Amino acid sequence: MSPDDARTVERDQGVPGKWLILLMAQIGVFMCTFDSGVVNLALPVISEQFGTSLATIKWVAVIYTGTAALALPTAAYLGRRFGVCRVYMIGQVLFTVGSVSCGLAQDLDVLVALRFVAALGASIILALNQVIMLSAFPKHQHGRALGFSGTTFALGILVGLAAGGILIHLWGWRSIFLINLPFGIVMIGLGLRVLKAQELGLDKTESLDFDWKGMALAGAALGSLVLLVSQLLGHGHASPWVDAGMVGFSALALYAWLKHELRDSESFLNLQLLKTSPLAFNFTNAFTVRVIMGSVTFIIPFYLQYTLDLTPFHAGLTLSAGAVAMGIFGPFAGAWADRYGMQHLARIGVTTMAVALCALAFLPPSVTTSTLVPVLALVIVAQFINGTGSVSFSAANTSACLHSVIPRYWGAISSLQSVTLMAGTALGSTIAADLVSFWGAQDQGAVRAADAVGKAFPPNALALLFGGGALALAVLATAGWMRKTTAPRAEAETT
């Protein structure tokens, strides 16, 4: 067989060891999504052990999503610049070492720093995962390979809530990080064996320019915004002058970043694309939804474990209703967007999430033996409804974004969507944690997260937090710009 014939067969059948590559990739996706799904569940336990406030423990979650917001688009550049396989292997090592080391951390500052390292590794894995799989499989099997990845993504979140709750309940919060050690060893071992850049056609590197200035400005804008929320809602800030300084710095950082992004055609996030009006509305909608959902997913585990006195295992099972709904309806959401229209499905999804938050706003500040079961049922139903609305909105919004531009910009759109998701989640977690801490401190200056929750929730905190989110979603669903979320296909093709 000639070399040309061999290459033809390889294109038709994929590279040798493609199924081992798929297994390696799925282990990576599973570890990353398991980690993100289980950490919020463990935060109440971690805060109890370290005796820290809700406003402080939030950094364990915020540092992860905030880092990922900047690292995901950076990872794609690093792969092209230094080689996809080489950078992917570095990501595997960073995530494994960072995550496992979190389980050994003896103080909160070290834990937060190690979460930063784990977030860098996870961002590289998630950013380059599909590139490696599509390079390993022939074109007619791309759908199957990506289908495995989507299933593993949902499964990681679901298992993180269910099995993660068991780990925390039986062996403590450190076990959710230490469990990554055997998986990480297998993943790295498979990578060393099957990731052959030349076989995958990923051995070429490109001398590309990267917008380091844009990345730095984006980091300053996001970081200052999160710190500003903490500063304004914190009950221990120094003076109005400090607050004014933070407001000024945040406004300046945001202005400098937007000016740079909108002026430079090769900027970090290519925000010039938002000059296409449908995209500006789409990303406004997506960011608003992610901020609200980020606040909900952060605070609900505290309510379940502190106010309802559930174990991490039972709290995880309760929360998994949302992941179950996403797993059930996720495969159909794309077809619904095509059949009923992206703008209509987006509106339905946002309205559905608003209904779920309205239900959560009626959660009582305390329960008795006779009311515990109805309250749990309310949370489970609300989580299921919320998951259904979330996956519907996500499918419609993603489709609308991609159809608003020509295909060569799809990569930039995907990066911007990842940043929107992570940045919105980080900001939402910050808002929820600091609001609850602020309300809790109005009584007697709560120190522990448990004290903050116990004092903040009664009598009106849940109604204000979730009711406010529901109102914002309702406004979003009825706003005129929702009618502008779909660009005509013909127009998009000629953009």
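From the backbone N, Cα and C atoms, a Cβ is placed for every residue, glycine too.
Note: TrEMBL annotation is automatic and uncurated.
Under the heading transmembrane segment, TrEMBL lists 20-39, 59-78, 87-106, 112-134, 146-170, 176-195, 215-234, 240-258, 279-304, 316-337, 344-363, 375-398 (among others). As annotated by TrEMBL, domain 'Major facilitator superfamily (MFS) profile' applies to 21-486.
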Query raised in the report: At an 8 Å Cβ cut-off, counting only pairs 6 or more apart in sequence, do the transmembrane segment (87-106) and the transmembrane segment (176-195) clear the bar of 3 or more pairs?
Result: yes
Report task. For the domain 'Major facilitator superfamily (MFS) profile' (21-486), would you mind checking the mean pLDDT of the predicted model? Result -> 79
Requested in this report: Quick one: find which recorded stretch in 215-234, 240-258, 344-363 has the most Cβ pairs under 8 Å with the transmembrane segment (316-337).
Outcome: 344-363
Report summary line: Residues outside the transmembrane segment (240-258) whose C-beta sits under 8 Å from one of its C-beta atoms, at least 6 past its ends, are 214, 217-218, 220-221, 224-225, 227-228, 231-232, 271
Query raised in the report: Same chain, outside the transmembrane segment (176-195) by at least 6, Cβ under 8 Å from its Cβ: which residues?
Result: 17, 20-21, 23-24, 27-28, 30-31, 35, 38-39, 42, 85, 88-89, 92-93, 95-96, 99-104, 132, 164, 167-168
Report summary line: Beyond a gap of at least 6 residues from its ends, the CB atoms lying under 8 Å from the transmembrane segment (20-39) belong to 60-61, 64, 92, 95-96, 99, 118, 122, 125-126, 129, 132-133, 136-137, 145, 148-149, 152-161, 164-165, 167-168, 176-177, 180, 183-184, 186-187, 190-191, 193-195, 316, 323
